[in-house]
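Asker: Just dropping this structure here.
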Amino acid sequence: MNCSAFSFWFVCKIIFFFLSFNIQISIANPQENFLKCFSEYIPNNPANPKFIYTQHDQLYMSVLNSTIQNLRFTSDTTPKPLVIVTPSNVSHIQASILCSKKVGLQIRTRSGGHDAEGLSYISQVPFAIVDLRNMHTVKVDIHSQTAWVEAGATLGEVYYWINEMNENFSFPGGYCPTVGVGGHFSGGGYGALMRNYGLAADNIIDAHLVNVDGKVLDRKSMGEDLFWAIRGGGGENFGIIAAWKIKLVVVPSKATIFSVKKNMEIHGLVKLFNKWQNIAYKYDKDLMLTTHFRTRNITDNHGKNKTTVHGYFSSIFLGGVDSLVDLMNKSFPELGIKKTDCKELSWIDTTIFYSGVVNYNTANFKKEILLDRSAGKKTAFSIKLDYVKKLIPETAMVKILEKLYEEEVGVGMYVLYPYGGIMDEISESAIPFPHRAGIMYELWYTATWEKQEDNEKHINWVRSVYNFTTPYVSQNPRLAYLNYRDLDLGKTNPESPNNYTQARIWGEKYFGKNFNRLVKVKTKADPNNFFRNEQSIPPLPPHHH
């Protein structure tokens, strides 16, 4: 080998060594590289509040756990993010996306932390969390009957600020005030006004989305296909939602509620249930009559602890007490509703009554409770949901209720919400959420518990109920709801860029015939599948474009 050839070979080897070393450093230190990249977009200013946390920060675990609503996912073995970004403006979101792409981190976007499977803050591969807690402004314009809501706001904040501006307006979102609007709206979002006004997603008229290239898009610039997709198809599949523009709805100055408990043997509860399932979805849209069954631990006459099951029937009626009592006595006399069972409340007070975070009868509360993001007790839980299209036979419902007595239940509950009303009139393709005409009610099964070591036992109990009810619920496919995400339906490999065949199995359960349109939108908006998780919408493989 001559000298010049040797020199060239030596130089090439040195270059290759340094390139390899740099690549190894890049792979070994994605956290440091993310911080370096972020500082290039957003120069560090010590005067600004801290909004980036790494595993070396004292507040890291506090920030991470603060909005994890399901205590199943707070164990030491739960995968943790390398970085948590808590943006205070859109530029922080843009930098988070661009830097995550650059250093090879996946992104999980968290609004309120209620994801049933924890996918808004858990990944099996290296990841960063974009936690939107600091972006929670609600700007209400009563003149146009609209509001811009940042995606980190909670439902409680939305209801509170609308009510502050005008108590005759509200928004048709869910019951739980600590749920974040980022996920709730983008998955559909049902609640007390569903039979009047449809879902939360049916009442969204604009949005700000930060896409895979870090660009901020509104409805006009994103186009109608992408705007359609983020309202019920899961916004996290297409980018990060920064804000929603919502259409306010009119509510009466007073509404009437009742919530009655029925403590009787199972056959008596089933008789009431059967009457409920025959009529609840047929009522005028001004009445939402729900029911739920739950376990209670009581002490019998001999001082022994035992489990019993109580039934509860609860209403929200957009009218007066006399009208509601008259309606119930004519249509559902078995329930025995009396005037003394009812309360006439302002709309905001009905929201608080059904919020689950206060005891309305004993608490000295104000509507400011809706602003408390930590209201309510956190537990570990598991949940599955079904849609019912035909009456469940009484004999079957007896056996379903009997499962609440099984030892593995923890605190078990079945909750049933009637559909019908305007839900029957909205096309199943209006937004990606397809569960409209033909759905009588939704039925969900849940167990809650305290100890981490009991996780598997109680999760398996919920699975056993779900398996038992198979013949009595929707079929071919068995329908599901994105906001009650269920990884038992199937999951894709988040490291794999193309998972269409796998994803179709669960995608058609969530979205029905809308799944293929979502895939086409994804293929155009995020062809390399940067925004992905175990149940994300996949793009089509390149040869299928």
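Just so you know, the numbers here start at 1 and follow the chain as drawn.
Here the Cβ of each residue, glycine as well, is placed from N, Cα and C on the backbone.
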Asker: Among GLU394, GLU402, GLU406, GLU442, which residue does Swiss-Prot annotate as binding cannabigerolate at the site that also has HIS292, TYR417?
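Answerer: Cannabigerolate site check in Swiss-Prot: besides HIS292, TYR417, the record includes GLU442 out of GLU394, GLU402, GLU406, GLU442.
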Asker: Where Swiss-Prot annotates a disulfide for CYS99, which of CYS37, CYS176 is the other cysteine?
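Answerer: Checking Swiss-Prot, the candidate bonded to CYS99 through a disulfide is CYS37.
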Asker: I'd like to know which of the recorded positions THR109, GLY183, GLU236, ASN305 sit within 10 A of ASN297 (N-linked glycosylation site) at the Cα level.
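Answerer: Taking THR109, GLY183, GLU236, ASN305 one by one, the ones whose Cα falls within 10 Å of ASN297 (N-linked glycosylation site) are ASN305.
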Asker: Can you count the other CB atoms that lie within 10 A of the CB of THR109 (FAD binding site)?
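Answerer: Around the Cβ of THR109 (FAD binding site), 30 other Cβ atoms lie within 10 Å.
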Asker: Relative to the Cβ position of GLY112 (FAD binding site), how many further Cβ atoms are located within 10 Å?
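Answerer: Taking all protein chains shown, GLY112 (FAD binding site) has 27 Cβ neighbours within 10 Å.
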Asker: For the C-alpha pair, I'd like the distance in angstrom between GLY180 (FAD binding site) and TYR484 (active site, proton acceptor), rounded off.
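Answerer: Counting only the Cα atoms, the answer is 14 Å.
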Asker: Have a look at the glycosylation sites (ASN89, ASN168, ASN305, ASN499) and report the one with the fewest Cβ neighbours inside 10 Å.
Answerer: ASN305
Asker: How many other Cβ atoms are found within 10 Å of the Cβ atom of ASN329 (N-linked glycosylation site), counting all protein chains shown?
Answerer: 13
Asker: Near ASP115 (FAD binding site) in space, meaning Cα within 10 angstroms, which of the recorded positions do we find among ASN65, ASN89, ASN168, ASN467, TYR484?
Answerer: TYR484
Asker: Between THR109 (FAD binding site) and ASN305 (N-linked glycosylation site), how far is it from one CA atom to the other, in Å?
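Answerer: THR109 (FAD binding site) and ASN305 (N-linked glycosylation site) have their Cα atoms 43 Å apart.
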